[in-house]
Amino acid sequence: MKKLILSLILSGLLFAQTGYEIAKMMDEKPTPEDMSNKTNMILTNSKGKSRTNTMASKSMDGNKKQIIWFLEPKDDKGVAFLKIEHDDKDDEMRMWLPAFKRVRRISAKKKGDSFMGSDLSYEDMSNRDMSENEYMLLDDETVNEIECYVLEITPKKEAKSTYSKHISWIAKDGLYGVQEKSYD
């Protein structure tokens with residue numbers, strides 16, 4: 001009986017996954033070549049007043065190229081954001097501002113700046129480089145009836161990040177992001 005219990009414990013340890021392994025499986029999961037979506041981003045200020053931005057986006061080349069068009073509210077309509085990721089240099093980011101009829105280049109040094117007045121930053125618009133982070137598996141949790149791994153993702157000291165850490169909830173059944181909290 002003791003051998004059976006010991007065998008079960010050891011086999012459980014052999015199949016236990018680390019935070020890095022889960023992040024790697026998620027990173028290696030095939031992504032569609034092209035993808036389109038429409039998103040609503042609700043921004044709520046400290047007084048509880050909300051406004052909704054409606055955006056349409058198109059991703060190409062496995063999400064290495066992405067364009068986002070702002071459809072609403074009226075003040076932001078026509079603004080467009082373009083992101084092109086490069087493996088060997090900083091990502092290119094540009095924003096079309098129709099009120100000025102100009103394209104504004106967004107420097108890699110500005111990745112921590114607010115994206116369209118939201119809590120998102122330009123850094124949030126790019127994919128994370130796995131080698132620039134440490135991954136720790138926390139206790140599993142359920143979010144909206146979805147069983148999730150919970151990962152604490154901490155940028156390494158040499159990484160260029162405006163965040164001190166991220167907590168990510170990853171669906172166990174499909175390895176997709178359910179929610180994330182970022183800390184500065």
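Any Cβ shown, glycine's included, is placed from N, Cα and C.
For 62-184, the entry in TrEMBL reads domain 'Uncharacterized protein TP-0789'.
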Q.
Within the domain 'Uncharacterized protein TP-0789' (62-184), count helix residues (DSSP H, G, I), strand residues (E, B) and coil residues, in that order.
A. 13 helix, 57 strand, 53 coil
Q: Averaged across the domain 'Uncharacterized protein TP-0789' (62-184), what pLDDT does the model get? Just tell me the whole number, please.
A: 85
